[in-house]
């Protein structure tokens, strides 16, 4: 037990063994009696420090340890290694069951009924006046645990019962440890280790890696005990409680349940050193029993005493969506054991199920080779990852995926459901192909050893555990990137910092691919599995680094805080240096990717984004070049009604004045309207058709009347001149930078080119305040374009140049959003319905920002 100036308490959020160091804590019994605990010592010092007084049971424990060592030596000498292994394996199983089953049952009853405490009270074991044999023995036993001048009668029964319980725990734990270590020692290939310990070969690497794991395990145990002291080490809160504030520290900041998780990494280190798969299987058995003890003994007690995790108490976003939204059900999630949330009324769930069945049946019938299946798995992973990353990136920047469904008449919830289906389907296909690939390698190729396969399965188990913890913490909403699609549903703009996220900010980057690397071990370091694991890890890292992290900053306004692992690491100088190095490499990588790989803005992109001025200035220089080529300068092609900004608003009529020498004029001359980016660099010949956007300059031409928009025509002794108009019947209805070209006779030879100008839709963004105003503005615009009938319908046949795409672009220009042409057709081009839908989409997208 820790001293009164440095006590410990379990974390009251349901997380087991999250103990903390605190300044002052006064224990209290179940009867609320508060007391200052005496000083206690850890197990090793209590047993082996000769300066400390020993109790009778402690002497017995020491004797049993020595006896087991002697037994091991003589059994090995006279009975052989195999028989000795059986003896100590049997002992280990007995003591391990005594620990996990025996102590587990005792603690279970103590937790629920205070059985040990009540037994002590009922039989007056610690009563000063009690004189029965059991009472005298108990008092004699624990009196050795008190310092001189202190008395057991000063403390409540709960404390004394706990001290006595510790003695039996020490016996079981020390025998459990001793018999396991002796079993491992007997299993060691001593000659192989001694001959290869200084060599850089598989055996030498394996041995040194195992040694490092054992040393790490020792550090975990020492650090854990320095944090939790004896109180939590010996399950003190099953007997009495302590009041204190919580401050996480040490190894409990690095990993959940460290005494049960990484606290057993030494088992696997010893398995590596021995190279014996029997030792590995025994270690796994012991570790699994420990996890069962954690699950069925400690966790229920912690939740009962301190309450469950706070995240479980709060209603998740998914539960709120199910309750508040019509036609929404929780998404299908493919797990290691099958499907979660399967809905027999959702067709997409059946698609996923049929896809899995088709892949398995197809592989059974076609029986592809391992290489073929590996190529399919690798290609599928690359394609699906690129699709997922593209959707998430565009969704984060422009709500592209949601807009796509909104434009086609669906709502944002349906869009999110479709993303859930796509993401889960991709994950399911990738994992089922990986499982089949491993199976085919196991059947058709050389499989690895028992050790590599077992360690591979352990890595797979780590990934399953990691995914389970992540899902438990962030639920379906976080699992399916809900904050990319429905950030408006987030009540608290605060990043998760509980569960596994207390220890690691992005656990999926490390443990989320552990099982993928486990397949490398299972498939005996196959090159194809190395490629798969590398690809999987790279896409995982890229997604977190360049998509998730920037989006979290955008939505939550802050980056994730330092994880427990990072805080613990930076306490040490080497940790600070290592983190500094990682940060520098990370920054260099960012600089390289964003300066070398991100393409610079092109002219076409500038055109799309509205950066018109630089393009127009460039084209004015080209215009002067054409004039110089004409030589005389007696050529003129001017736009009459252009403003100072070189802009004309659709559908204004455009008047053009022209003049050429009589020698250059031909009655079949004509003027065409072209988009600058489509005409290319050739300023002497137009190599693209005008698509009907042209007019003759003379009424005596051989052209049809539809293309004779002549306002004026005349000539004198030197020049022929006139003016024409481009009205809505031949005008372009697409925004962009345009120019007029005067062509000679019935050819595409350019005589002169007008000044470039911008053709834009009217701007109403600032003036449109509500949906009714938007409807009125849209109808007015369509009426000016001559495509509105019955005061409410858009008629596609009124103007072949004003299409559904044009109307879509109008809404995009006016409201920064639009609907699809398919949706327009479904409404029979009803302007009221279409405009109301556009307004609704705008409100939804604004709400998602």
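Cβ from N, Cα, C; glycine included.
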Please indicate whether the topological domain of residue 85 in Swiss-Prot carries the same name as that of residue 375, placing both on the same side of the membrane.
yes
To which of the residue ranges 510-530, 531-551, 552-572 does Swiss-Prot assign the term transmembrane segment?
510-530
Swiss-Prot annotation of transmembrane segment - which of the ranges 376-393, 394-411, 484-501, 574-591 it falls on:
376-393
Looking only at the topological domain 'Cytoplasmic' (253-264), what are its DSSP counts of helix, strand and coil residues?
4 helix, 0 strand, 8 coil
Tertiary contacts of the transmembrane segment (351-371) (same chain, 6+ residues out, Cβ under 8 Å):
332, 334, 339, 342, 421, 424-425, 428-429, 432-433, 436-437, 440-441, 444-445, 528
Where else in the chain does the transmembrane segment (86-106) make close Cβ contacts, counting only residues six or more beyond its ends and a cut-off under 8 Å?
68, 71-72, 75, 79, 115-116, 165, 169, 172-173, 175-176, 179-180, 182-183, 186, 282, 285-286, 289-290, 292-293, 296-297
Test the contact criterion for the transmembrane segment (418-438) and the transmembrane segment (168-188): 3 or more CB pairs under 8 Å, pairs 6 or more apart in sequence, then answer yes or no.
no
Within the predicted model, mean pLDDT of the topological domain 'Lumenal' (394-417):
92
